[in-house]
Amino acid sequence: MHTAPSPQASAPRESDLHILKVLTESKNLALGNAVHARLIKTSQFDVVQSNHLVGLYCKCDRLSAARQLFDEMPERNDVSCNLLMAGYLHGGFPTQALSVFKLMSFGELLIHPNEYVFTTALASCADISALNEGRQCHAHVLKSGLVSHSYVRNALLHMYTKCLDMEYALGVFEGGSDFDLFAFNSMINGFLDNGQQSEAKNILSRMVKEIAQWDHVSYVSVLGLCADSKDPKFGGQIHGQILRRGMEYDDFICSAIVDMYGKCSDVQNAVLAFHGLPSKNVVSWTAVMASCTQNGHFEESLKLFIQMADDGVRANGLTYAVALNSCAGLSALRSGDALNGHAEKTGCKFYLNVGNALINMYSKSGSVDDATKAFTSMLNRDIISWNSIINAYSHFGFAKEALETFHNMLAEEETPTYVTFIGVLSACAHLGLVDEGFYYLNRFMRELGIEPGKEHYTCMVGLLCRSGQLDEADRFMRDTRTEWDIVAWRTLLSACQVHGNHGLGYKVAEHILQLDPDDVGTYISLSNMYSKARRWDGVVKVRKLMRQREIKKEPGVSWIQIGNETHVFVSEDKKHPWMDQITEKIAELIAEIKLIGYVPSIACASHDVEDEQKEEYLRYHSEKLAIAFGVIRMPPGAAIYIMKNLRMCDDCHVAVKLISIVTNRKLIVRDANRFHCFESGCCSCDDYW
């Protein structure tokens, strides 16, 4: 017969339990080890004391010691299991937590889980998106009859929303009653993560009626909903409610407010909200920079980065990524280089998002070699890394490198996406690989479940055009069921110019002008076709039509960065302070390239004047002015990078190829259509653009 312990025997036990409780709360591992050793020596060891020690070891991050003690316990109960499981979960080992749960349910322990064990198990499933295990836990909860506990229901909702199984989450939500704020927050975030904005709004409507007092998570969730649905009016109301209720600003609310205004394209209020914050840290600085970058305010974003550094706030990986993407938007290679060096010094360079931003910045700033270095130096890569470098190669005309990288990606078992095939099909177009292009479009993409979009179909139009199959391209466009945009029809129109198929070109131009009577580029292309055919009456007709419709041709503008200063050149404009030296240098370069075969393409001059005057007009195209200035100011042999607002004309393209020979330089021109990398008399576009 079991007898109760005497008061004398129970007193030390109660004292030990009190001591262990205090040591656990204070995380005093040294004294805890001493108490453990004394209990072993005195053989006064029961399950309650062991549980306290397991809890102490878990709180002190000594999970191996906690597991060893757990395995050696002669008697274990549901508290023992939950303590160890919680230790694993909070220590970042949710898989081990689930292994303990499986021991309870299916293994040697055969201990019935209580509501706390189920809550911990479901949280572990949520942490690793283990949907199958989560459903098994759900089945056990139903069998045990513990689903009525609010924290078990909340754990079920949290698990399903984190696993993005919103159908099951909604079933749990609608099957219960009296849900608290945590449940509503979980449902709203789950629908937002799943891209289901209307469903999130439905839950929000219920939350407004049933929950009077919201917490920080609620406001962050609702602000996220406003951002995703681009509803600045409602977002402003939520911001006002936060201010009226005197909610304490934390990092998440601050960044959510700024992010909401930014995603609603309200940069002014995003910046005002940021400057109104009582305190600013790297999270809020990064949020306001991202708002500027997302809306094309790249210079403002970089100014904020400098202000942040002046305020002594240390940038993190996301901050560098945002700043580098701003440099990409400006094609600011020097600023991007400086950020690259800064990120390396602070140890942020090898973060995944920074590596991806470096590829983007270098590719959009005209340095595909540096983009390649950024890609190859990455410690880890994701699909964004692969897509960025593949599309960079394609955009620069390095089609073989693009396809080789694509095959390397497949070899590393990375699954291609919608964006991947834009770069791949563009590379096929550059190489004229018609059969391969149609294979990727009609078979490979379908096998992966990727529905081709207008970007892919436009690449196919370019592929057919580049191979000279203009009638097939025209037929492909008319037979393919997709919403063709102006870009695709312009691609066909440009091909008609390149291949001299003016008959089809006139028809395509007429079709484009029916779609968009104000499309300036089509008028210019039509005028150029008439000019090349020396049909000056047609040129006059187009110009008359442009005057009647009040359509003005945009002047050619090119710009080049020398040091920290950007120099802008407008075609036939001679107001630059260095114009005398530039004129002299142009004359010198033209004379040199004429010796190696340059003949001015006067057909590119849309002026009904004498040939000598046409040659003079061509000489002062904006890209020639910018390149001549770069030759004057840049060190011998240094690469020159310029940008132009319009497409390069045939004459400038031929001239710049030859200038790359006589100056022994790499000349990079980013025009309205693509990058042209001129080197040793060749262009990366293979003379097709």
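Heads up, the Cβ atoms here are built off N, Cα and C, so glycines get one too.
The repeat 'PPR' annotation in TrEMBL covers 46-80 (among others).
Marked as repeat 'PPR' by TrEMBL: 180-210 (among others). Through the fold, the repeat 'PPR' (180-210) approaches residues 150, 153-154, 157-158, 160-162, 164, 166, 169-170, 173, 217-218, 221-222, 224-225, 228-229 of its own chain, all at least 6 residues removed from its boundaries and within a Cβ separation under 8 Å.
According to TrEMBL, the repeat 'PPR' annotation covers 281-315 (among others). For the repeat 'PPR' (281-315), same-chain residues at least 6 beyond its ends with a Cβ under 8 Å from one of its own Cβ atoms are 251-252, 254-255, 258-259, 261-263, 265, 267, 270-271, 274, 322-323, 325-327, 329-330, 332, 335, 342-343, 346, 348.
Look at TrEMBL and you will find 382-416 (among others) tagged as repeat 'PPR'. Below 8 angstroms of C-beta separation, residues 352, 355-356, 359-360, 362-363, 368, 371-372, 375, 422-424, 426-428, 430-431, 444, 448, 450, 674-677, 683-686 of the same chain, each at least six residues beyond the ends of the repeat 'PPR' (382-416), sit close to that stretch.
Annotated repeat 'PPR' per TrEMBL: 519-553 (among others), in sequence order.
Marked as domain 'DYW' by TrEMBL: 597-689. Residue counts for the domain 'DYW' (597-689) under DSSP, helix first, then strand, then coil, are 37 helix, 16 strand, 40 coil.
Summarised by DSSP class, the composition of the repeat 'PPR' (519-553) is 26 helix, 0 strand, 9 coil.
Across the repeat 'PPR' (180-210), the model assigns an average pLDDT of 91.
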